[in-house]
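Engineer: Positions annotated as active site by TrEMBL: E10. Per TrEMBL, the feature Zn(2+) binding site maps to H9, H13, H19, M27. Look at TrEMBL and you will find D104, D153, D247 tagged as Ca(2+) 4 binding site. Taken from TrEMBL, the feature Ca(2+) 5 binding site covers A201. Per TrEMBL, the feature domain 'Peptidase M10 metallopeptidase' maps to 1-56. TrEMBL lists Y184 with the feature phosphotyrosine. Annotation comment: TrEMBL describes 100-145, 149-194, 195-242 as repeat 'Hemopexin'.
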Amino acid sequence: MDLFAVAVHEFGHAIGLVHTSAIESIMRPYYQGPVGDPLKYDLPYEDKVRVWQLYGVRDSVSHTNRPGDPSQTTEPPVLLDLPENRSTLMLARDAPDRCTSHFDAVAQIRGEAFFFKGKYFWRLTREKDLVSLRPAQIQRFWRGLPTNLDRVDAVYERPGDHKIVFFKDQQYWVFKDNIAEEGYPRPISDFGLPLEGVDAAFVWLHNDKTYFFKDGHYWRYDDHLRRMDPGYPKDSTLWKGLPTQLDDAMRWSDGERP
């Protein structure tokens with residue numbers, strides 16, 4: 001048995017990482033064999049991202065290459081900022097007041113919080129500061145959504161590959177950073193979800209599973225295996241303290257709470 005691999009795994013638990021089914025993670029629940037020379041060991045990218053999600057990122061990050069991909073660095077993936085051009089500011093004048101209405105969806109993406117209302121969204125940094133008092137248009141920031149988009153139902157960052165998934169009515173889109181992947185939208189039946197849509201979605205770091213809520217029920221989905229866990233849906237009252245009708249949900253940056 002590789003004692004170094006075991007030590008890294010246990011240290012991961014000590015700093016708050018939990019077991020995951022991600023193939024390249026040191027935090028898989030069962031021993032996976034030796035990891036090689038400890039002096040040359042590089043923590044898997046999936047685990048680095050989970051540490052960044054829990055503790056944030058230093059201002060200076062060493063630029064070592066991602067294993068097997070010399071074009072990538074170990075910096076966490078970030079979302080590009082949308083230039084505040086004149087047309088963006090004119091559209092924002094008709095945006096809803098963020099303080100006087102509920103949100104259609106909320107999500108934590110790249111460690112930042114996003115609040116969606118109508119065709120607009122607000123963005124909160126890791127330091128919990130608003131990027132701008134003005135909201136931005138959703139479809140102008142995430143290129144590939146319909147130009148006539150009037151709202152989104154749920155949004156979450158997928159564990160493993162950290163792509164972003166948007167839900168609207170009976171369809172969903174998958175984004176790599178700000179750009180939609182080819183072949184979307186697709187029907188939400190791909191997830192095994194009801195065609196009525198979803199009200200909320202979030203990923204829980206305790207088990208790396210995605211939870212979907214709709215009309216008093218919830219589903220648990222394994223994004224690594226791309227399948228719904230057996231035995232779902234279940235009654236959402238099993239989540240103590242949740243409202244009967246859940247509008248939106250997200251995992252806060254500490255990984256402890258939805």
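Backbone N, Cα and C define each Cβ position, glycine as well.
TrEMBL annotations: computationally assigned, not manually curated.
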Engineer: Pull out the recorded positions from the set M27, D104, D153, Y184, A201 whose C-alpha sits within 10 Å of the C-alpha of the residue listed as 'active site'.
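Structural biologist: Close recorded positions: M27.
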Engineer: How many other Cβ atoms are found within 10 Å of the Cβ atom of E10 (active site), counting all protein chains shown?
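Structural biologist: Result for E10 (active site): 9 other Cβ atoms within 10 Å.
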Engineer: Measuring CB to CB from H9 (Zn(2+) binding site), give everything in the same chain under 8 Å that is also at least six residues away in sequence.
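Structural biologist: Spatial neighbours, sequence-distant, of H9 (Zn(2+) binding site): I26, M27.
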Engineer: What are the DSSP helix/strand/coil residue counts across the repeat 'Hemopexin' (149-194)?
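Structural biologist: Its residues fall into 4 helix, 19 strand, 23 coil.
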Engineer: What are the other residues, in sequence order, whose C-beta lies within 8 angstroms of the center of the C-beta atoms of H9, H13, H19, M27 at the Zn(2+) site?
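Structural biologist: Nearby residues not in the site list: E10, G12, L17, V18, T20, I26, R28, P29.
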Engineer: Please identify which of M27, A201 has the densest Cβ environment, defined as other Cβ atoms within 10 Å, among these binding-site residues.
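Structural biologist: Compared across M27, A201, the most Cβ atoms within 10 Å surround A201.
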